[in-house]
Each structure stands twice: as structure tokens, then as C-alpha cells.
Ligand code: WTA
């Protein structure tokens, strides 16, 4: 890590915006001045300018009961109306909303008029199924237009969606359904991934299967199923219904009603430092204001002419804010792709860019690094000249990947925005503004207009330029999380207790300020890992491991990985009886598969080491730092606080 930091700080390349780009850019330097002069007024202006309010607001921020904020609280809006109807009413019904590309090569163009009608029908289906404002609906779908329609329909009736990434297991789905008390699940028979149908409905059936009066069984009344994969599915009469039966039969008339700005919009589960995922709660008015604003200024979105492509799955926050909400609220045309980047050939993404003349591409550093590994010959085969802006999100981007992205994908001229934010922040917080900021490869750089951040020491004091510390947000922002579903104490504890005196939001990220005061993100400072831009908790994987009957103890670390940023590495103590009956290689393979089944393939450890002991302090705390040294092939650091100082040499020998 420290060599990485030194390397970053030696980065001196700078890229000033071209005059051409700056002339046509949405963002201007003046935005910073306006926001600095009157932060709340600035956000109120954005909310009024960018959104339609059924009832205008008169209040902006209420921070009288921190850390519980409200924004625009006496205003009313309908999120789906803002993403759909108003564009049709403005005469843009024929504009394409979704350029959808299925993995097998099928495709669909969905206009704003068509999407609006579909969402109205789905909203009527939801109402018929008894879904009303405040009810929770779980969505477990592949990347198909119905996924976007489902989210918007839930929003339209004022209900709350909880999208669960299709790569999560039945167990993960069940715990999320239970925690939210979902009444309805919207899923598909299956979706295409890696050249074959990956089943989804069977996981829903499993999640809802009888288990001694488990909660999901009691709350879920219906399962609405899209036919996509064509795979065989079991059917529970009275509970399950096909989308293709229910939706076309429903009325296309549905008047959008205004809901209070603080009406919850969604819950999205994300990994924290404990074994139990947190349900991050977002509400409507502030969230939609900031996602719409940032999509416009950070992605330099010109909705009439651009073709936007955010490659994130709707199961992650990036897919919420920059697939479902931001681009649609802005009335943009966007690409939606179902499958993996390498199906059926490694140039699939670039083929899509060429086919749809994509102008703005927003993706994760992991994807860029894996393309780097394959080589420039692949993208070079396609015409990428339509691209005029590139974005990065989800993890730190190393300068090499940044330069490659600019040169090979961006034809040496395309500006890059490295955007820092989190599930909790709801929308982009730190990023260069294209056309305004001189960019630095590897740095997220500056807080957006209207956003206040700092880098502080353990006591909350500003570290000053040239120094490292902890990233904090110092003022409430419109898209901030409003809480953790069902657990207000955990919300306060996790994000606000550390800098309670200052009232700062603690992001859990380390950062450095360079001599210009620009921010360089340095990775998580807690037990959260970032694998391919996906957040995973070490504790969550450890509890999955010890849930296997062979395992006595487990410790998990995130080790740096050339492609995925970090990789999951597990150190496991196996019970004696299993050790004598199985080979370590066999056990390691079994346990990797086990974690994949328990949580989902993304959590499957890259390496599982069967060891005899784990390094612990005298108070019994596992010293993950030392295990990380081993996993990254470094000399093991200071072991003097270990209860048994010899244990690390034993582990190192076993791992080798
Ligand atoms: C990391 C994804 C460096 C960070 C939108 C954060 C980043 C976590 C960047 C949130 C970036 C996100 N540079 N690190 N540009 N963007 N991160 O909730 O550690 O899935 O705390 O939200 O990703 O991950 P999440």
C-alpha cells in the first residue's frame, strides 16, 4: 500500500480541458461560486430547475435533528413522472430511452412513450396486487428493460424497492426479503450470463421455501415473473404470476400522484463491517435532485444528442443512480446491456459502443484493467470515435489504467472523470467537472459544487495539503442516506459517532490531499473490501465460512489484485476430523464453492489457505494486517502484539 501511495504522489501528468470541450460543456466554473455563496439555495435551484414538483417546496434543508436530515420536506413529487411522463408531455415521446442489447445478440429500442406506457401498466398491476405507498417490493432481475420498468413502477405508486443483484444466492436474497419485509418479488425465469441462462426464479422459490415460519414466507404474497431465459420453472398457483399475462392485460392509464419529498424510494443492501448487510435507505426529492444534477454536469450530458452508457448492473447503487434515475430524469438515451463484457467475444463492449455510437461511457476500473490485460488490439478493431467523455467509478483508478483508458478507448483526447461516491451518498460527491477542471490521472480531485468534504485526522482536525487522513463529508447533502432500514442506532454508530463533535459523516475511506488540495482516494480503512468495484465485508465471508461444518475458524482479508483491485483471501482452520479425511486442496476448493453458494459468486475467495492457527492479539482479536502481508507476498510486519509470536512464521510456511 505505501509503495502504491508514493507512486501516486509522484504522478505529475495534467490534462487541461480543451477549448472545444469547455465551450460546449454543461458545467461552468461559476457553479462553484454560486454554491459557495449559498449552498442550500443552490440545491433548491437545482431541485426546481431539474425536476417537476406536484407541490412546490418552501423548506430546503432541515438539520435540526442531526444526523437525520430532510430536504424539500413540504414539497411533493412523483419520481416516475419525472423520469417518464413529463418527457412525453414535452413532445419527446419518440426519443429512445433504452437501447437494450441482450447477451445472445437480441436487441430492443424502447422509446419514452413506450416505457411510460409500460410503467403505467405495471403500476396498475402493482395496485391490483395490493401494493401501496410504503410497501416494500424486492426486485431480482437481469439487465432487461423490465428491470428499469419495475423500479419506476414501484416508485410511481410510492412504494419502496429493494433491488437484489441477480448474482446473489438464494440465501442472500432471503435475508434481504426478510429484513425489508417485502410483500412482492419481481423476478425473471432467468437471464443470460456468460453464454448461458442463469436461473433466477428457482432462487426466489428457494428463498421463499418453508423454513419453520420464516419471515419471507409470511410477508411475500406474490411473485411476478418476466419470461426471459425460457428455462423451466416451478409454479406456485395463487402466488406466482407471469409478467406477460398481467402487464399487457392491465390498463395503460395511470395518473401519477405526488408523494412527499421524503417518501422512501428504495432500500439497497450493502456490506458493512459486520456480518449483516445494511439496508441503506434513500428518499425521493433530494436523491433525484442530486442524481439528475450530477449526471448532467459530471457526465456532461446533453440529453438531445448523447448516447449514455453506464455499465453497472441495477443491483448496485451505480445502476440505481446512473441507469434508472439520473439519465431518465434527464430524458437521455442510454444503452442497457444484459451480459458479460466477453460474450461471445472479448470486444463485445466496443462492438456495442460502435453499434450505438455511444458518446459517454461510465464504468469501473476493474473492467478497464481487464481490457488492458487482453490488449489494445481488441478495442482497436472497433470505431470508438463517438466517445467524447469517459467516467470511472467504484474503486480507486490507478494512473496506468487511467492513461490506458484515455489513450486506447478515448483516442488520446477524451476527458476522464474519476467519480467518488458510495451507496450511502446516493450520488457523485467528488469528481472533476469536464470542461472546467484540469484533470490528474488517479485522483478524484474536488468536491462537487454544493458538497463539502474534508480529510481529517483521528480527532477530526483538517490534515492540510500534502497529508493523508480520513475522508469526511462536513455538511448534509440532498442524496444522503436517511438511515439504515430498521436500525437507526446502527446508522448513527456507523457513520456519525466517530466525528460526533464536529457532526461529520465518516465515509470509511482513507484519502490524501495533494499540494493543490486535491483529493486522492486511498481505499477503505475498515474491514470492507472492494472487489471489482463491489463492496464485500470480511466478516460476512468469515461467517459464511464458519457456517460450513468442516470449518473451525476463519479470517478473511482483501489482498491487492492486479485486475480486481482487491481479491478475497481466506485463512481457514479446519476441524481435525475433516483434515484427516480430505486433502487441503480439496477442502480449499469445496470452501470456495461454499462461499459462492452462500453469498454469491462475487464473494468466492480467490485463495483459501488451510492453516493450523490464526494470528491473534492477547485479547483474541485477529490481526488481519499480518494476514494481508502474507496474502500479498510481503514480509510480515510487526508481530510483537501477538499472543504467540511464532504463529506467523508457521502460517507463512503453510501458505508457501
Ligand atoms: C470506493 C459505489 C476510489 C470507496 C459508487 C467507497 C472509490 C466505496 C471511488 C463505495 C473512486 C467508489 N475512487 N474509491 N472514484 N468510488 N469508491 O457503496 O471505497 O458500492 O467507500 O458505491 O467504493 O462503494 P459502493
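The chain as shown is numbered from 1 upward.
Note: Cβ is positioned from N, Cα and C throughout, glycine not excepted.
What TrEMBL lists as domain 'Acetyl-coenzyme A synthetase N-terminal' is 29-83.
Under the heading domain 'AMP-dependent synthetase/ligase', TrEMBL lists 90-485.
Note on residue 193 (CoA binding site): other Cβ atoms within 10 Å of its Cβ, all shown chains, come to 19. Annotation comment: TrEMBL describes 193, 194, 195, 196, 318, 532 as CoA binding site.
Secondary structure at residue 421 (ATP binding site), taken from DSSP and collapsed to helix, strand or coil, is coil. Among the features that TrEMBL reports, ATP binding site is placed at 394, 395, 396, 418, 419, 420, 421, 422, 423, 509, 524, 535.
The annotation domain 'AMP-binding enzyme C-terminal' is assigned in TrEMBL to 540-621.
DSSP assigns residue 551 (Mg(2+) binding site) to a strand segment in the three-state reduction. As annotated by TrEMBL, Mg(2+) binding site applies to 546, 551.
In the three-state DSSP reading, residue 621 (N6-acetyllysine) counts as coil. Its own atom aside, the Cβ of residue 621 (N6-acetyllysine) has 11 Cβ atoms within 10 angstroms in the protein chains shown. Annotation comment: TrEMBL describes 621 as N6-acetyllysine.
Close contacts with ligand 1, defined as a Cβ under 6 Å from any of its atoms, occur at 318, 524 among the binding-site residues 195, 196, 318, 524, 546.
Within the same chain, residues at least six positions away from residue 419 (ATP binding site) with a Cβ under 8 Å of its Cβ are 298, 391, 392, 393, 428, 430, 431, 444. Within its own chain, residue 195 (CoA binding site) has 103, 343, 344 as residues 6 or more apart in sequence whose C-beta sits under 8 angstroms from its own. Other C-beta atoms found within 10 angstroms of the C-beta of residue 194 (CoA binding site) number 11, with every protein chain shown included. Checked against residue 423 (ATP binding site) by C-alpha proximity, the binding-site residues 193, 194, 318 yield 318 as the nearest.
Neighbour list (residue 532 (CoA binding site), Cβ cut-off 8 Å, at least 6 residues apart, same chain): 364, 366, 395, 564, 565, 602. Cα of residue 318 (CoA binding site) to Cα of residue 551 (Mg(2+) binding site): a span of 35 Å.
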